[in-house]
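Structure, as structure tokens:
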Ligand code: BGC
């Protein structure tokens, strides 16, 4: 296990530091104190060759704006909040509408744009990077001083364990996710349309023309949204359903089967790489990179649509008439605690 720290620039008068962990068993991960953002994950393919498996900007300065939220910790709430407002205990809270008519991914200056405190813990079997941040009462319009800790554990057996903890002094909303775009082909050799995806999700949530959730829950069977059995991402992505057209591809929350832990499996047959995600969250937003920001990727690669797939494990976003709001409510002094495990390998 190796840990390296390096300064990559400044945000105002704060230093941006990159923490790079190599487990010396086939997994390399780099994370910034800026946004607790994963900038690189490299794993080996069937032939033992390392390659990038998440979209990473060539120019690390792009993480300051990070328009596509590459690898970022997104919060206080991931996804869109209908019309950028919500009520809690009879108070109305108004958020910044940074996604057209909606608020999205924590608002104009979300957690992805903050410098977090970092504590690195090294043992023989794992390295844990703990990131903490205090989001003040009414930051981006959300009530309560919220103390957050996210940690990434890189283990000897090629797992990345992502833990989210939080506590607030007032009732608030909390729905943090990580926003990596995965591409298991290695150094973006191919897009993700030939990757297979499998998820124990029997329902998905309808969206509208603004990408917001309407409140309607749709069973996946006999739809283009059925990934109960493993299926190529590209198989139905150009389908003619209204929901596929509204999203310009997949950009929908999927609900895990009730009373089952969330399981998502992504596999690229050519390279042999797989990733298994296990989560305590009840939902995963699948986003097939339907829009691009034009910024250059590592190895000088041009970014293209469907280059990566986001698997944002979270609570369902808040839709029309505050549908699904209950999931995201964190009561004052209650402890928020969620764990997601990403396991990497080849087969
Ligand atoms: C959303 C997309 C959005 C992307 C970048 C995803 O999480 O679901 O609608 O375009 O983030 O902001």
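Any Cβ shown, glycine's included, is placed from N, Cα and C.
No curator has checked TrEMBL annotations; they are predicted automatically.
Note that the coordinates shown come from a computational prediction; the quantities given were computed from them, not determined experimentally.
Per TrEMBL, the features are as follows:
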- 179: active site, proton donor (ACT_SITE)
- 312: active site, proton acceptor (ACT_SITE)
- 179, 180, 181, 251: beta-D-galactose binding site (BINDING)
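The C-beta environment of residue 251 (beta-D-galactose binding site), restricted to residues of the same chain at least 6 apart in sequence and closer than 8 Å, consists of 207, 211, 285, 286, 287, 288, 290.
With respect to ligand 1, the binding-site residues 180, 181, 251 contribute 251 as residues with a C-beta closer than 6 angstroms to one of its atoms, given in sequence order.
Non-local contacts of residue 312 (active site, proton acceptor) by the CB criterion (under 8 A, 6+ apart in sequence, same chain) comprise 74, 78, 79, 177, 178, 179, 284, 285, 286, 287. Apart from the site residues 179, 180, 181, 251, the chain places the Cβ of 68, 69, 70, 182, 287, 289, 308, 309, 310, 311, 312 no farther than 8 Å from the centroid of the site's Cβ atoms, the recorded beta-D-galactose location. Sequence-distant contacts of residue 180 (beta-D-galactose binding site), defined as residues of its own chain at least six apart whose C-beta falls under 8 angstroms from its C-beta, comprise 38, 41, 54, 55, 70, 71, 308, 310, 311.
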